[in-house]
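Structure first, commentary second.
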Amino acid sequence: MGQDRGKYDFYLGLGLAVSSSIFIGGSFILKKKGLLRLARKGSTRAGQGGHAYLKEWLWWAGLLSMGAGEAANFAAYAFAPATLVTPLGALSVLVSAVLSSHFLTERLNLHGKLGCVLSILGSTTMVIHAPKEEEISSLEHMAEKLVDPGFFIFATLVIIVALIFIFVVAPRHGQTNILVYITICSVIGALSVSCVKGLGIAIKEAVAGHSVASNPLSWILLLGLVACVSTQINYLNKALDIFNTSLVTPIYYVFFTTSVLSCSAILFKEWGHMGAADVIGTLSGFLTIIVGIFLLHAFKDVSVSLASLAVSMRKEERPSPAAANGTASHYELLLRGESPEDMEMGPPFESVSRRNGAMTLCDH
């Protein structure tokens, strides 16, 4: 019965995590379209401290979609380990990239498509080799984990880094450096996941008939979650308003996942129970996701497609006059009225133009 229950929880958590990625990926697009509409109207932009987006229904639709995704994500953490739920967030990168190519002016080229595939493969690898966290069956056990010296030091450092970025770095470099706002969201996200995990345990205890409202830890976790999520929403809006969506989403995923995996390893001592094969598999999966995300956004302005690659291959395979009957000698070229320099330059009326990675034929 215990094994059947564990399998049920695993698949339920998996399904919730996948649906969460779909809702969250779509929320980025809705929010971005709402912010673009406000920019066209001349309203003060969110990146400049404006809050006109609160009157835009598209932004609210994106917020509701993100709320649904976060709710599903919240429930997933209650049924499955954080190291299973968090890597599946790569699917939100895929959803966001695909929708951006259809509803925004952000083109998804061949590199982007390969990046999406690699992100999915890396996520699958991480799920297969995910470390098994220690079982936490009650709020009392969760309280013991939270006051562990290792996690206490980690949480203190996270709060210090977040405050430095919010009050010192963001006012100076937030408008020009994409990593500033994303770093704030990511480090705070590690604490929000811990709060979500604790509240998930509290809800399961409440469903089982235990009294959790009288436990101070329940309210501490709830207030901590509200503070963390509010901070994340604020700075994520700023990042989305200033920078490209296809840039913000993948970088945020890498930073957020790294932060959450580190927090989970310290809080739940997951990595101590892993074999060498699982450690290598987990790290390889995560590096695969990073490579995929790099391809997704690093070459977003390079126009590369299967059609352009086919043109390039045909050009390379076309035989030159010099190679028609073997290698032509210098004397034979002169007899035909051609020079070696002409052969090196290619056909006189045809050249290859490369612009943004696209190869086209043009006449002079």
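From the backbone N, Cα and C atoms, a Cβ is placed for every residue, glycine too.
Keep in mind that TrEMBL annotations are predicted by a computer and have not been checked by a curator.
Features reported for this protein in TrEMBL:
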{"type": "TRANSMEM", "residues": "12-30", "note": "transmembrane segment"}
{"type": "TRANSMEM", "residues": "57-79", "note": "transmembrane segment"}
{"type": "TRANSMEM", "residues": "85-105", "note": "transmembrane segment"}
{"type": "TRANSMEM", "residues": "151-171", "note": "transmembrane segment"}
{"type": "TRANSMEM", "residues": "178-204", "note": "transmembrane segment"}
{"type": "TRANSMEM", "residues": "216-235", "note": "transmembrane segment"}
{"type": "TRANSMEM", "residues": "247-268", "note": "transmembrane segment"}
{"type": "TRANSMEM", "residues": "280-299", "note": "transmembrane segment"}
{"type": "REGION", "residues": "345-364", "note": "region 'Disordered'"}
Is it true that the transmembrane segment (151-171) and the transmembrane segment (247-268) have 3 or more Cβ pairs under 8 Å, skipping pairs fewer than 6 apart in sequence?
yes
Hey, would you say the transmembrane segment (57-79) packs against the transmembrane segment (178-204), going by three or more CB pairs under 8 A that are 6+ residues apart?
yes
Long-range neighbours of the transmembrane segment (216-235), counting only residues six or more past its ends (CB under 8 A):
63, 70, 139, 142-143, 146, 162, 166, 170, 181-182, 184-185, 188-189, 191-192, 195-196, 198-199, 202
Contacting positions for the transmembrane segment (178-204) when only residues 6+ beyond its ends and CB under 8 Å are counted:
73-75, 77-79, 82, 86, 136-139, 142, 146, 155, 158-159, 161-162, 165-166, 169-170, 212, 215, 217-218, 221-222, 224-225, 228-229, 231-232, 235-236, 238-239, 242-243, 247-248, 251-252, 255-256, 258-260, 262-264, 267
